[in-house]
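Annotated features in TrEMBL:
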type   : residues : note
DOMAIN : 3-127    : domain 'PIN'
Amino acid sequence: MFLLDTNVVSELRKVRAGRADPNVARWAEQVEAETLFLSAITVMELDVGVMRIERRDPAQGSVLRNWLENYVLPEFSKRVLSVDLAVARRCAHLHVPDPGPERDTLIAATGLIHGMTVVTRNTDDFRHSGVPLLDPWKARPDCNRGKHHAIIPWV
């Protein structure tokens, strides 16, 4: 089970257009969509990013809003993990003695509570937490021992 960081979701958007990093694209082709989850924090970060682009470039913002509302959110409708009491408490423990960025720490805590691997390009931001990490930009795609699955529907 994988918990996707915002940078991974953004990169996966580029797959269909052939602009994604080849390692990320290969990784995405080898994982079952049902094993991919988002944190509510990642959804918030995606929404903030779309809103910022909507303000400065309405045309591009409209494209990204459509992608988020009509592809990402429906695809993950049953696979968005909330920040609940257990996640909040684990996050608190991760902040002592060394506080980290709130959002990344909440994502790490979500991964730890749910027994998931956090998939991110920014592994240094999560390393302190002890959550299992995977950087698909560097990963050797052998997730399912050569099985090939249909690419994630929303990319």
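Glycine is treated like the rest: Cβ placed from N, Cα and C.
Counting residue by residue with DSSP, the domain 'PIN' (3-127) contains 80 helix, 11 strand, 34 coil. When pLDDT values are averaged over the domain 'PIN' (3-127), the model yields 96.
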